[in-house]
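Under the heading domain 'K+ potassium transporter integral membrane', TrEMBL lists 6-333. The transmembrane segment annotation in TrEMBL covers 7-28, 34-56, 83-101, 113-135, 156-183, 208-228, 240-259, 265-288, 295-314. The domain 'K+ potassium transporter C-terminal' annotation in TrEMBL covers 346-591.
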Amino acid sequence: MSKEKHAYVEVPAACIILIGLFALQHYGTHRVGFLFAPVIITWLFCLSTIGIYNIFYWNPHVYKALSPYYAFQLLRKTQKGGWMALGGILLCITGSEAMFADLGHFTQLSIKIAFTSVVYPSLIFAYMGQAAYLSKHHNIEQDYHFGFYESVPEKLRWPVLVIAILAAVVGSQAIITGTFSIIKQCSALSCFPRVKVIHTSSKIHGQIYIPEINWLLMILCLVVTICFRDTKHLGNASGLAVITVMLVTTCLMSLVIVLCWHQNVLLALGFVFIFGYIEVLFFSASLIKFLQGAWVPIALALVFLTCMCAWHYGTLKKYEYDVQNKVSTNWLLSLCPGLGIVRVRGVGLIHTELVSGIPVIFSHFVTNLPAFHQVLVFLCIKHVPVPHVTPEERFLVGRVGPKEFRLYRCIVRYGYRDVHRDDVEFENDLLCCIAEFIRTERTGSNSSNDEPVKDDRMAVVGTCSTHSLLMTENKVDNVENVDLPGPSELKEIKSPNVIQQQKKRVRFLVPESPKIDTSVMEELEEVMEAWEAGVAYIIGQTHMRAKSGSSMLKKIGINLVYEFLRRNSRAPSFVTGVPHASSLEVGMMYQV
């Protein structure tokens, strides 16, 4: 069978395997991970066994090839030809670095032990066996035959091929999961647009799935496979990508030696010189194959680097604008007399990324429309790197300005496995936490009623089930006469608006106590009244433009690249879960 006929079988088969591999990613590696170890161990056993067999059967003296002397002799005798051959020799180690992409799943010590005691010896035996076979067979019949499969005994070629395909799938899985981990870290550092991160395991933090990246990788892999249709071009692309990663890692390692390990600069320079010299030789040998497929990783790297730099720069400028233009509480205190601010009934939830101060989007909203809700809550959603946040520690509640303003700040913390699906339940929890904060604030503070509370003063408040101030809800047709079970000392704070139709009813049950004074009861009644009137989610929709007079590069980066990425990336998780009927978007143009 000719090389062209082989391509008609190999390329569709490779595409089918790729589609199946990426289609199964959303199930998570923990569901099929138990198969990885047997497959890899079997593959490494085949490599070492076949290698040892070829060493003793064809050329037992091949062990001399372990000496670096013969590598120097090769380069000295062949010169340019030997240097050009380094690009092909590099392919001997491509793939073995995939196990280091599993740092999110295993510890560093386990990977070191596995590599030094199992992977490295198996690779040495495999390549020594191939060298022993090729020393006796200098001419292979077809150029598309591989030396490894030619060296395998004929009866074992098909089983070894099946095991090799399975091992390649496992190695590809390691690269895919490694890519997910890198994208997640880049997104957390504001170096990559927001993507949907799905944690497939509640026990291991590193096992994640990102749909957008998964399908993008699948499309890129299929395009490269179909367009190249040749392992030679794929090998050139893979070789340049791997040696570039090694070279960059060596340079960064020198910084780790100086900055993290606090070692002498000369030691770092010696490390870069020794390892960098070897890697530069391989890198230069791979560059000469730039037009034979090695251009692909360079082109992809430039595209992703441009997107990451533009996103990071735009996000940084946006945050700086928010911090520099956030307004103080004193500005808020002077609003009502100056602008004739009207307080409308209801609760306004203003989503912000700031944990202190008043966001500029609110000042923009009030300046153009001098009215805001009876009760206003600056809501900040934060995701912390733990699986779950207990209900007792979920809410941080504080007050903004004097008590009579009815302005609150709430920071809600979620673990990476926590999801709030019911918006009504979230609203009820938030109302209950604010009410509990109002009730306990007076007892925990010795300040007078008129003294404004500091803006950075926050209190940890749990959800409704964690404290004594209970919020109950039930569906009733007539809410005028309801008998409550429980002690007679419980007092019910009812909404003044009695709705005769069936609805979800929310109420506080506050124990009658001398500690709860009249001002607290009035504030609780006002919060309850506002909540019964309705909840509005005020969400800032910001657009960025480069200032006039900015450089052309900045205009392209902000006006084109960043804005394109912002429009096509995912909104924050809180924004996507807001009911459309209750949302109010406030647009604002940032001139940076």
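One is the number of the first residue shown, and numbering goes on along the chain from there.
A Cβ is built for glycine as well, from the same backbone N, Cα and C atoms used for every other residue.
Curation plays no part in TrEMBL annotations; they are all automatic predictions.
With a threshold of 8 Å between CB atoms, the same-chain residues lying at least 6 positions outside the transmembrane segment (113-135) that come near it are 41, 44-45, 47-48, 50-55, 57-60, 62-63, 65-66, 92-93, 96, 99, 147-148, 150-151. Among the recorded stretches 7-28, 34-56, 156-183, 208-228, 265-288, the one sharing the largest number of Cβ pairs closer than 8 Å with the transmembrane segment (240-259) is 265-288. In this chain, the transmembrane segment (7-28) touches the transmembrane segment (208-228); three or more CB pairs sit within less than 8 A of each other, excluding pairs fewer than 6 residues apart.
Averaged across the domain 'K+ potassium transporter C-terminal' (346-591), the predicted model reaches a pLDDT of 72.
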